[in-house]
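Asks: Pasting in a structure now, in structure tokens, and then I'll have a few things to ask.
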Ligand SMILES: O=C(O)c1ccc(O)c(O)c1
Ligand SMILES: [Mg+2]
């Protein structure tokens, strides 16, 4: 598969865009006219920059409002086209993208449009050039690729081809199956874009909200399967108009684009109907099986405070690292690592962010497969020297430069603890409070990063996206994207906000970047857990009475249950599968906090959400509440 991307998809000047495109490993680039017009150099200079970077110049675009015009506009359109052909000759590109006319003076009529394209094709042929015709979803008379194809077919000229764009086809609801009857050799170029399912004007949606494959909701796998049936063997070219990307890092956006295309073609190769018999370029997505550990970067002082906090939460020290200032704390199946070593990754992370979650360990079905996918998907891996006899646990870079380590149920990575740690079941603390496992991990990031991480998690591992939700924080809106592994074995919630005043926003600005903001543990009996936690001197986050008065009527709950919720500062939610109970600690060092949840099942599977309806109550309570006094009272 050869890949390309239109310059309009990235921020920066033309030079920055082109170098980002080359760095992400694309084969070609579509030059957007605006990027050319604003460039301080001639078309030959642009052509040289493109070829020096090893890129092919796939197309020059867009050429607007051409077909079906009356005179004198028609003659002027041909003159304009000749001028574009001059530029293309110097640029070194063969293909001009002609998008369907939106002008109110255009006349319509399939044969008139076909005659115009045929004449333009004839003129292009004289210069060894080709034109490709694309139906814009908001075209005046042509807004459907089936009509565009009929025009191209009737133009019947070897230098006139069809351009397909996933956005225009899918946004308009044109059946992708209609692509299967188009001959692949008449398709000049295929543009690929994803988009969120939003009920809005198609032009506005296209110009501001397109996104990389896998970041939106469009059925691109179906589109590609239909395309494969045509025999099309040309470039897949990203054309992504997106306000965030125009403002973001061109390198990050370009890498996201490449990652999205690689993941898309991986899905096509793995689908049952795979008309071209494509072979997957990497192993299948490994399943996340559980959270093996959470590692905290601290210094000596905050390590002492964290021990006290975790002790109050019922954790006990269960091991000491053989060569580093690292401790393992445990409860149920939860492993927490307190790293106060003065060297290595955790220490650098502490220097940059302060006390923080610096790494997460995920148990996955295939560590080698995860690392192989990471390479193909441009996710950087991480290694650091380990002591002799110690395990090297494969890792990739996660959110905010933190690490995601991978372990697996069998083989050398099955038991990481007995290798690097001296294990001692010194219960130390006040005793178990009933925490069983990590239920979910919530990470805060900038708005721009949210799409990057949604795509990275889902492309790399078997995570499924849930619907995005907006949550009100006293400081602004927070957008939340949940991901879950099969059976809820691992759940990750990504939060971001454009406001610097929300909890998510403050997390980023005060602590230098994105990261894990809270970890939720599962209890089998949340009320008993809260009582045990209180007995240890750790008070849950106080929840206002108004909340309980409201849920009483909202869910029609038993008054005894409402009283119990109120007494324990436990929040409540219910979905079609069951009930959810949740409570929070205050924040530790103003940086991260913990949640305790209980998921109950009505019948089959348990409640699946995260209590989104309760999040505003929690956020407001946190905004009011002082951080946890660092060492809990005993
Ligand atoms: O938004 C536009 O005008 C526009 C231009 C060229 C394209 O290829 C396209 O898909 C949209
Ligand atoms: Mg297009």
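Note: Cβ is positioned from N, Cα and C throughout, glycine not excepted.
Where the annotation comes from TrEMBL, it is an automatic prediction and has not been curated.
Note that the structure is predicted; figures quoted are calculated from it, not measured.
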Asks: Which one, 73, 82, 239, is listed by TrEMBL in the same divalent metal cation site as 134, 165, 191?
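Replies: So the divalent metal cation site in TrEMBL includes 134, 165, 191 plus, from the candidates 73, 82, 239, 239.
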Asks: Out of 347, 353, 518, which one does TrEMBL list together with 440, 595 for Mg(2+)?
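Replies: Among the candidates, TrEMBL records only 518 at this Mg(2+) site.
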Asks: What other residues of this chain sit with their CB within 8 A of the center of the CB atoms of 134, 165, 191, 239, the recorded divalent metal cation site?
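Replies: Here the nearby residues are 97, 163, 164, 166, 167, 168, 189, 190, 192, 193, 237.
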Asks: Which number gives the other C-beta atoms within 10 angstroms of the C-beta of residue 440 (Mg(2+) binding site), all protein chains shown included?
Replies: 21
Asks: Write out how many residues of the domain 'VOC' (290-409) are helix, how many strand and how many coil, based on DSSP.
Replies: 36 helix, 45 strand, 39 coil
Asks: For residue 518 (Mg(2+) binding site), just count the other CB atoms lying within 10 A of its CB, please.
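Replies: The Cβ of residue 518 (Mg(2+) binding site) has 24 Cβ neighbours within 10 Å.
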Asks: State the count of C-beta atoms found within 10 angstroms of the C-beta of residue 134 (divalent metal cation binding site), not counting that atom itself.
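Replies: Taking all protein chains shown, residue 134 (divalent metal cation binding site) has 24 Cβ neighbours within 10 Å.
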Asks: Measuring Cβ to any atom of ligand 1 with a strict under-6 Å cutoff, which of the binding-site residues 440, 518, 595 qualify?
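Replies: With ligand 1 as the reference and 6 Å as the Cβ limit, the list is empty: none.
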Asks: Of these binding-site residues, 165, 239, 595, which scores lowest on Cβ atoms within 10 Å?
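Replies: So among 165, 239, 595, the binding-site residues given, the one with the fewest Cβ atoms within 10 Å is 595.
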Asks: For the domain 'VOC' (437-586), how many residues does DSSP put in helix, in strand and in coil?
Replies: 56 helix, 51 strand, 43 coil
Asks: Over the domain 'VOC' (437-586), what is the model's average pLDDT?
Replies: 92
